[in-house]
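Working notes, structure below.
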Amino acid sequence: MPSPKAKAPARAGGSPVLGGANGRYEFLSLTKPLSRSSPPPPLLLQRQGSDPTTARLRVSESPTRRRGSGSSTGSASGQAPPEEDGLRLNPSFVRVALSSLLAIDLWMSKRLGVCACEDSSWGSVRPLMKLIEISGHGIPWLAGGVYCLYKSDSAAGQEVMLNLLMGLLLDLLLVGIVKASVRRRRPSHNRMDMFATFSVDRYSFPSGHATRAAMCGRFLLAHLVLAAPLRVLVLLWAALVGLSRVMLGRHNVTDVMFGFWMGYCQYNLVEMLWLSPQTLQGLLGYFA
């Protein structure tokens, strides 16, 4: 018995045959378009060259034709294709230079952080570095300045200690403002076990120890009569305080370098705002 699929019946209108499951057939007229709600037929039994109208429909629905029609429509409307967001092919020289300096800074800081932990390459030197760190902390300097001001008998000594205290308070204020503005995180290899930390101490730029060491070192060299060996020790102490910040992993190299420059400029500000005992008494009498 011949198969029913061998001879597919056709209507007079020449509509193609649509075949479905279980041997059932459905007929679709080419003159009537499909409704949007009706699902597409599961299988279309067509032979090449069977109907030119069906071939034209297949060509009109091809992806190449659709892409061409969309591009031609966009060109006809006069709208340029949107530019894709991405990296710039030719960034500015300043941007490249800053990125390179930042990469070098992070690399050097990690290489010099040899005392960041006890198991580091120079972990045995960590207690000595922490002692140098405490020597540059703000609380010992403020407490020592108040004690020396209280114990000083001469007017010149009181004037010097009074302005040193003013410089220390100014240093805390300016460093706190810059840290809160920049908000650069400390190095990832840092171990947070610092002495008497504050809210802004979680930020890294600039190094408050470096600013304090530069400002106090310059202040001592300018207003105290010191012998040559003591002057060398003051300079060596300031340099070791800055070096300890990088070796302990507290700061990056640029944090310390900027801190030294900022402390050097802070001393100039202290000289501009220099207070004498008479000026202080006049200010206290004015506010009283």
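Including glycine, each Cβ sits where the backbone N, Cα and C put it.
What TrEMBL records for 1-87 is region 'Disordered'. Look at TrEMBL and you will find 28-37, 69-81 tagged as compositional bias 'Low complexity'. Sequence annotations record features per position, and here TrEMBL assigns domain 'Phosphatidic acid phosphatase type 2/haloperoxidase' to 159-271. The transmembrane segment feature in TrEMBL is assigned to 160-182, 219-240.
For the domain 'Phosphatidic acid phosphatase type 2/haloperoxidase' (159-271), the predicted model reports an average pLDDT of 91. Secondary structure counts, DSSP: the domain 'Phosphatidic acid phosphatase type 2/haloperoxidase' (159-271) has 83 helix, 2 strand, 28 coil.
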